[in-house]
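For reference, Swiss-Prot has these:
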BINDING   D14, H202, H204, N238  Mn(2+) binding site
DOMAIN    5-267  domain 'Pyruvate carboxyltransferase'
REGION    391-509  region 'Regulatory domain'
Amino acid sequence: MSSHIQIFDTTLRDGEQTPGVNFTFDERLRIALQLEKWGVDVIEAGFPASSTGSFKSVQAIAQTLTTTAVCGLARCKKSDIDAVYEATKDAAKPVVHVFIATSPIHLEHKLKMSQEDVLASIKEHVTYAKQLFDVVQFSPEDATRTELPFLVKCVQTAVDAGATVINIPDTVGYSYHDEYAHIFKTLTESATSSNEIIYSAHCHDDLGMAVSNSLAAIEGGARRIEGTVNGIGERAGNAALEEVALALYVRNDHYGAQTALNLEETKKTSDLISRYAGIRVPRNKAIVGQNAFSHESGIHQDGVLKHRETYEIMTPQLVGVSMTELPLGKLSGKHAFSEKLKALGYDIDKEAQIDLFKQFKAIADKKKSVSDRDIHAIIQGSEHEHQALYKLETLQLQYVSSGLQSAVVVVKDKEGHIYQDSSIGTGSIVAIYNAVDRIFQKETELIDYRINSVTEGTDAQAEVHVNLLIEGKTVNGFGIDHDILQASCKAYVEAHAKFAAENVEKVGN
């Protein structure tokens with residue numbers, strides 16, 4: 001019988017530390033709901049003491065989820081722990097995650113503390129946290145560069161003070177398979193407690209070993225894995241949870257352990273994070289990449305046609321990828337469209353379907369067939385526009401002279417107010433973005449601009465991601481349209497709308 005490996009998702013906390021990623025309040029809530037549907041055991045919803053926005057989003061998630069534990073991060077500071085308590089007290093299963101650095105380099109250069117000071121702080125703050133929470137998780141930051149005897153002391157101190165979960169972070173992705181497994185074996189054999197202690201692994205991917213090290217931790221005695229969807233996170237990212245989960249599933253003969261994830265929700269969860277983070281999943285990404293179940297070689301294709309297991313160790317359907325796609329066309333009606341939405345796993349009310357069907361027909365008039373990926377894109381684009389404070393109404397372009405283009409942009413807010421401005425620029429994109437900047441009266445710096453095609457062919461929809469720097473803050477925007485310039489404008493407007501929305505939240509505080 002397989003043992004249960006808990007999944008601790010930190011996409012909303014560590015994942016959001018990815019450069020250029022800044023989830024909105026609504027996006028955080030939608031992500032949390034999808035993570036619960038995916039079946040993760042714990043969601044680290046944020047760092048409540050870091051900002052009012054983080055506190056409110058953690059609080060909203062705690063009040064919304066019904067089965068998943070909601071965790072908040074806290075330094076060894078009572079005010080941090082209090083903030084987590086206030087934010088998560090309405091959760092079905094509230095958890096506090098207390099941490100302090102323990103490696104020599106952190107003690108000397110960051111904390112300016114001795115080992116004795118650190119041990120005293122662990123005892124004081126874990127004891128305090130235990131008075132407020134049934135479940136207290138403790139992490140010795142930079143554990144893999146901490147002397148092992150001192151690490152054992154830190155863990156024992158935390159356990160004695162009431163911690164029931166001990167997380168061992170490979171904070172800078174420094175460790176390797178055997179070393180990391182040895183740390184867990186040492187801790188499980190050395191630290192003693194009358195209560196059951198869950199050991200957890202948290203790996204970064206600086207050397208490309210986050211998933212491998214996470215699996216090594218299980219071999220060493222870990223019963224919880226921390227990570228993010230698609231492996232997003234600071235620097236090179238975190239362990240990709242979908243890869244850990246499928247490795248355990250496929251190689252259960254070796255690990256003898258399984259997660260409780262609803263694996264069929266894996267691809268949908270990955271796509272959601274990719275969309276909101278503005279980070280496209282590489283085509284060759286394990287488990288969720290577009291090429292994960294593609295076979296280019298003639299020998300491979302022949303083998304798969306004869307027997308799928310010749311070159312596939314798991315089925316696409318296992319992770320929610322449909323391989324029996326029936327495209328729709330311009331003659332498809334509302335009923336066929338509604339049935340397609342159901343088949344793709346969407347539960348959308350009839351009123352919303354009316355607008356989606358109009359968008360579908362507009363695309364169907366321009367394409368020979370509308371694929372499942374086109375349908376997903378329509379829904380994604382509609383969700384983005386529905387959530388935004390502002391959306392693109394119309395865009396007009398005109399060639400002026402000497403390479404200059406003129407753009408007239410009309411934007412509408414949720415109350416129906418219209419905003420219009422125009423500008424010129426050296427090319428269509430520059431003209432469009434100058435006009436949008438004038439509407440929002442903000443100076444911006446375009447950090448990143450990416451175009452991807454939703455499907456193959458010259459008639460494919462365009463998917464545009466932008467990252468802007470506005471008043472020192474990075475925001476991302478996303479736009480989908482059959483026309484590249486329309487998609488580019490939608491993405492830029494959405495980025496401005498996100499910045500405006502966050503400023504409205506701050507004013508309301």
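Just so you know, glycine gets a Cβ as well, placed from its N, Cα and C.
Locations of recorded Swiss-Prot features on the structure.
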residue: D14; record: Mn(2+) binding site; DSSP (3 states): coil
residue: H202; record: Mn(2+) binding site; DSSP (3 states): strand
residue: N238; record: Mn(2+) binding site; DSSP (3 states): strand
Where DSSP helix means H, G or I and strand means E or B, what are the helix, strand and coil counts for the region 'Regulatory domain' (391-509)? 38 helix, 54 strand, 27 coil
Fewest neighbouring Cβ atoms within 10 Å among the binding-site residues D14, H202, N238 goes to D14
For the recorded Mn(2+) site formed by D14, H202, H204, N238, which further same-chain residues have Cβ atoms within 8 Å of the site's Cβ center? T10, P169, D170, T171, C203, D205, A210, E226, G227, T228, G233, E234, G237, A239
Looking only at the region 'Regulatory domain' (391-509), what is the mean pLDDT? 89
Long-range Cβ list for H204 (Mn(2+) binding site), cut-off under 8 Å, min separation 6+ in sequence, same chain only, gives P169, D170, T171, V172, G173, A210, G233, E234, R235, A236, G237, N238, A239
